[in-house]
Amino acid sequence: MSVKEHLIHNVHKEEHGHAHNKITVVGVGAVGMACAISILMKDLADELALVDVVEDKLRGEMLDLQHGSLFLRTPKIVSGKDYSVTANSKLVIITAGARQQEGESRLNLVQRNVNIFKFIIPNVVKHSPDCKLLVVSNPVDILTYVAWKISGFPKHRVIGSGCNLDSARFRYLMGERLGIHPLSCHGWIVGEHGDSSVPVWSGVNVAGVSLKALHPELGTDADKEHWKEVHKEVVDSAYEVIKLKGYTSWAIGLSVADLAETVMKNLRRVHPISTMVKGMYGIKDDVFLSVPCVLGYHGITDVVMMTLKSEEEEKIRKSADTLWGIQKELQF
């Protein structure tokens, strides 16, 4: 008899069923691994699968996480180049793609990443036909559209990480100005993730007190306190971090884990994330942009309709036109 047989008396033969709360991360670069560790630290999955094309790096990352199993509550961590390891995932997070270079706009990346998605998405769909897709790769709004088109999934199951991080950055910077924790600083950034995102100044508040009611110039050029700079800093922040350390990872990883928690626990929290906005705010094309969405186990079930100023709506429509201009040229 083996040590195991001496030690353990089997009571019930377990069938090797599949995981109940499986999450897959596609792409084990800096962003993918930040997502992975953030998800593991929040105990959101009973199985985590990692996929990438670079096999040595992939196996190394898997082993490194497995060696930390004692300190985690996720019993199974697997990886592979073959998408069969992703089978029966509830949530699949796509971080793979060409990385944004210093000074490169997110939109510049697009065709390079479409070609990568043409391989990834059909493989994901084949093994997890009922999953929710969470797209993180940039330019996220266009690639969420690409994932939706290629997957054939209903729109509520294809989600872009969108402005969840932009809004978090905004609330952090607002908190720094006011000396208050970001959780108690409320403000929404909507529209395109990145350079043409739209801050909704009318909704910025602390404890229900509207900052614009206190200071009507808030967010305008006439503002002596230059609150507009806060939004400019949000837009510039990724570029600054890329310039300093070469890429962004931790904040986006935490932001994605925040979304994953809402999905896996069916929390129905409202997040500024990228969804199909055709028919909203006068948008006529199939574009994905960030608006406040009710998120849960089935994906995006509802959208909260914000009361926007005409110039805010105009900015969102302009973003939609820009994105559609790029999307209609894409080669699938």
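Yeah, the Cβs are placed from backbone N, Cα and C, and that goes for glycine too.
Record features, source Swiss-Prot:
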ACT_SITE  His193  active site, proton acceptor
BINDING   29-57, Arg99, Asn138  NAD(+) binding site
BINDING   Arg106, Asn138, Arg169, Thr248  substrate binding site
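Ala45 (NAD(+) binding site) falls outside any helix or strand according to DSSP and counts as coil. Ranking the binding-site residues Ile37, Val53 by how many other Cβ atoms lie within 10 angstroms of each Cβ puts Val53 at the bottom.
Arg169 (substrate binding site) is surrounded by 22 other CB atoms, counting those within 10 A of its CB over all protein chains shown. Listed binding-site residues near the residue listed as 'active site, proton acceptor': Asn138 (candidates Met33, Met41, Ala49, Lys57, Asn138, Arg169; Cα-Cα distance within 10 Å). Between the C-alpha atoms of Ala45 (NAD(+) binding site) and Thr248 (substrate binding site), the distance comes to 24 Å.
Note: the Cα of Gly29 (NAD(+) binding site) and the Cα of Arg169 (substrate binding site) are spaced 22 Å from each other. Counting in whole angstrom, Ala49 (NAD(+) binding site) lies 22 from Asn138 (substrate binding site) by their C-alpha atoms.
Each of the recorded positions Lys57, His193 was scored by the number of other CB atoms within 10 Å of its CB, and the largest score is that of His193. Ranking the binding-site residues Met41, Ala45, Ala49 by other CB atoms within 10 A of the CB puts Met41 at the bottom.
Taking a C-beta cut-off of under 8 Å and a sequence gap of six or more, Thr248 (substrate binding site) has these contacts in its own chain: Ala30, Val31, Ala238, Val241, Ile242.
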